């Protein structure tokens with residue numbers, strides 16, 4: 001080709017079919033003897049030689065040579081087996097004369113062919129027929145290795161043991177090939193003791209035999225045993241080959257054992273195996289997985305660039321080490337080279353585009369797949385579906401799924417997780433049902449993907465059905481499945497079941513602990529969350545930034561500033577490097593605990609800030625009614641190049657509500673919707689209702705509710721009901737309470753609030769009506785409680801509580817304070833008491 005490109009004349013090449021034509025002419029010659037036909041048959045060793053083989057077969061039949069030459073029968077069987085024409089091979093075998101059937105060769109041809117073609121049942125069947133045939137010989141060293149392979153493929157270990165016994169009985173128990181097949185069969189079945197017994201009984205051990213035994217140990221999880229075998233192999237003087245080094249280098253890559261990998265690299269150089277493509281590619285993968293990408297690059301530069309595995313290994317290594325731009329550049333270089341990317345290349349590259357938010361590049365890769373007719377296997381389909389879902393293009397993800405030729409559990413799991421990611425829980429459940437209808441068995445990944453959909457829909461009945469499926473299929477031992485179950489039960493309000501699963505887990509990683517701590521912190525159980533945080537430390541599980549954020553959230557809910565300070569100390573002194581989200585949680589904790597100085601100090605000391613950290617400090621100031629400071633922080637945020645989001649405006653409007661800045665709150669709401677083009681959510685409308693209600697503008701609040709683009713929820717009506725109590729608007733309270741009793745009939749707070757409003761207005765029939773409604777709905781009043789921190793200890797109180805050991809001194813101090821307040825002109829507000837509570841705190845303190 002190079003000569004042709006330079007304009008030079010190429011020498012004439014012989015016709016590629018010349019040899020075939022000559023052989024065909026000889027086969028068809030009238031004088032062709034049986035010996036000559038047999039010699040020609042020996043050259044028919046592939047599918048491409050089938051036409052010649054058919055001509056020879058026809059000539060042998062026409063000449064009557066088959067009856068007098070049994071070897072022709074045997075060779076014809078071999079020719080058909082090599083051409084993968086098994087039906088013709090069996091037909092020739094059935095016509096074998098008795099003399100030809102007495103040889104093991106035709107039997108071996110068929111058993112070998114069926115085994116190589118994956119038809120293991122037929123291979124075993126012909127082996128059994130070989131024993132029952134009256135003229136058949138005993139199996140030999142060419143029969144048994146293939147029979148053992150078929151037994152292993154069928155999982156018929158009992159039959160394999162019989163074959164092993166037969167091998168010992170006919171003197172082949174120590175044959176290298178038979179022994180190698182037996183060792184592999186036992187090792188793949190996890191029977192290492194039997195495999196080692198065969199291995200130790202071998203009189204002669206070549207490199208292949210050592211490799212089979214070591215590979216079996218690694219597959220069975222006995223890595224130490226494999227290492228000991230490798231040392232014994234080196235001590236015996238047996239030189240490792242490329243398969244030996246590739247096997248152990250792969251193990252070093254999986255375990256990220258750089259030291260062992262470097263030693264194996266040195267051995268490869270010493271044995272002259274470094275140029276072997278399999279060894280070099282495994283070395284490349286090992287350095288990439290051990291995060292030594294400089295060494296991987298140097299090795300890549302020394303390797304020939306005509307191997308697809310080499311390119312795939314380097315691209316995958318760049319993706320694994322976060323070098324996404326380099327991975328894309330390598331992909332472009334690969335396209336310019338002589339090697340064409342395959343599905344493995346694209347499956348390695350597509351996750352990098354997802355991390356880059358490279359929706360455009362992902363579509364370009366998809367276009368490359370279509371233009372170049374790249375085979376769309378299940379992994380490539382899954383990778384494409386995944387990138388479209390993560391880039392929020394649900395329609396394209398569904399299109400890729402619809403055109404997929406084959407659907408398996410991998411694609412189904414990807415579709416389910418993609419639907420859940422995009423908030424389409426019902427579609428995720430439909431996909432799960434479709435897999436079951438198609439008899440595609442969901443695996444552990446599928447189950448852990450569908451459980452969040454049950455959690456988001458609060459469909460605990462369905463979640464419990466899936467839990468039953470998990471138990472029936474023994475998936476409960478996997479951490480990620482149990483973590484998904486815990487999360488589902490926690491979001492469905494069943495913390496008891498969540499904790500039960502957690503307590504029964506044999507192995508708990510940091511993800512499981514984090515899920516448990518955050519579940520308790522988010523479900524109103526901050527004390528239990530902090531107890532778990534301490535228990536996690538005592539059991540030696542390392543914290544990460546997610547753990548710290550969850551624990552700080554629990555401290556903010558209590559509030560317990562001294563616990564928060566201890567966790568802050570862990571961040572400063574310990575090995576944990578707090579990320580932006582953990583530091584934002586610190587700001588939130590200090591703000592909710594009332595220490596704005598420390599919150600601001602943490603914020604100002606952050607080397608990097610994002611929208612979350614800005615929102616945390618703005619919300620901290622806003623919650624304390626410091627509206628001006630919150631607005632100043634908003635201006636700073638914009639000056640430093642950060643755009644406010646819906647959380648920012650929620651904190652600012654809430655600050656306006658707390659400080660009575662109605663006009664500013666309205667202005668900020670308009671700024672959010674019109675200038676920043678942020679669509680208001682339900683919580684923004686609730687905040688605006690609260691803003692109007694607190695300032696006594698109940699008419700504007702009810703008008704604002706009527707103008708909402710969607711139906712108000714319990715939060716909006718609840719804000720209005722609270723304002724009705726403060727401003728004693730009974731008529732509007734009736735409207736709000738009716739809606740609340742429909743939306744949230746189990747919330748006792750709304751019943752108590754409405755009863756108090758009726759009591760203050762003197763509407764005792766209304767009080768009785770609310771009490772009857774509570775009784776009919778089986779609603780139990782949950783007493784409110786408060787706490788105070790004294791000397792780094794939290795003290796909990798409920799109304800008229802006398803359980804505290806210092807309760808007499810506490811009430812004496814409260815009476816003294818109340819007397820001083822009255823002397824200063826304070827008049828008690830009877831509307832702030834709770835008539836429904838049997839022990840009224842105001843009455844208890846009255847003197």
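Yeah, the Cβs are placed from backbone N, Cα and C, and that goes for glycine too.
The repeat 'PPR' annotation in TrEMBL covers 206-240 (among others). Within its own chain, the repeat 'PPR' (206-240) is flanked in space by residues 176, 179-180, 183-184, 186-188, 190, 192, 195-196, 199, 247-248, 251, 255, 267, 271, 273, which lie at least six positions past its ends and keep a Cβ under 8 Å from the stretch.
Per TrEMBL, repeat 'PPR' is recorded for 307-341 (among others). A Cβ distance under 8 Å defines the sequence-distant neighbours of the repeat 'PPR' (307-341), meaning residues of its chain 6+ beyond its ends; these are 277, 280-281, 284-285, 287-289, 291, 293, 296-297, 300, 348-349, 351-353, 355-356, 361, 368, 372, 374.
Here the repeat 'PPR' (408-442) has long-range neighbours at 378-379, 381-382, 385-386, 388-390, 392, 394, 397, 401, 449-450, 452-454, 456-457, 459, 462, 469, meaning same-chain residues at least 6 beyond its ends whose C-beta is under 8 angstroms from one of its own. Residues or ranges marked as repeat 'PPR' in TrEMBL: 408-442 (among others).
The average pLDDT computed over the repeat 'PPR' (509-543) stands at 85. What TrEMBL lists as repeat 'PPR' is 509-543 (among others).
The repeat 'PPR' annotation in TrEMBL covers 579-609 (among others).
Per TrEMBL, the feature repeat 'PPR' maps to 610-644 (among others). Tertiary proximity for the repeat 'PPR' (610-644) is limited to same-chain residues at least six positions away from its ends with a CB under 8 Å from its CB atoms, namely 580-581, 583-585, 587-588, 590-592, 594, 596, 599-600, 603, 651-652, 654-656, 658-659, 661, 664, 672, 676.
Outside the repeat 'PPR' (645-675) by six or more residues, the chain places 611, 614-615, 618-619, 621-627, 630-631, 634, 637, 681, 683-684, 687-688, 690-692, 694-695, 697 with a CB less than 8 A from a CB of the stretch. If you look up TrEMBL, you'll see 645-675 (among others) marked as repeat 'PPR'.
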**Request:** Give residue numbers and ranges for long-range contacts of the repeat 'PPR' (509-543): same chain, 6 or more residues beyond its ends, CB-CB under 8 A.
**Result:** 479-480, 482-483, 486-487, 490-491, 493, 495, 498-499, 502, 550-551, 553-555, 557-558, 560, 563, 567, 570, 574-576
**Asked** Counting by DSSP, what is the helix, strand and coil composition of the repeat 'PPR' (610-644)?
**Response** 26 helix, 0 strand, 9 coil
**Item:** DSSP-assigned states of the repeat 'PPR' (206-240) in counts, ordered helix, strand, coil
**Value:** 26 helix, 0 strand, 9 coil
**Prompt:** Per DSSP, what is the residue tally for the repeat 'PPR' (645-675) in helix, strand and coil?
**Reply:** 28 helix, 0 strand, 3 coil
**Message:** From the DSSP assignment alone, can you count helix, strand and coil residues within the repeat 'PPR' (408-442)?
**Reply:** 26 helix, 0 strand, 9 coil
**Asked** In the repeat 'PPR' (307-341), how many residues does DSSP assign to helix, to strand and to coil?
**Response** 26 helix, 0 strand, 9 coil
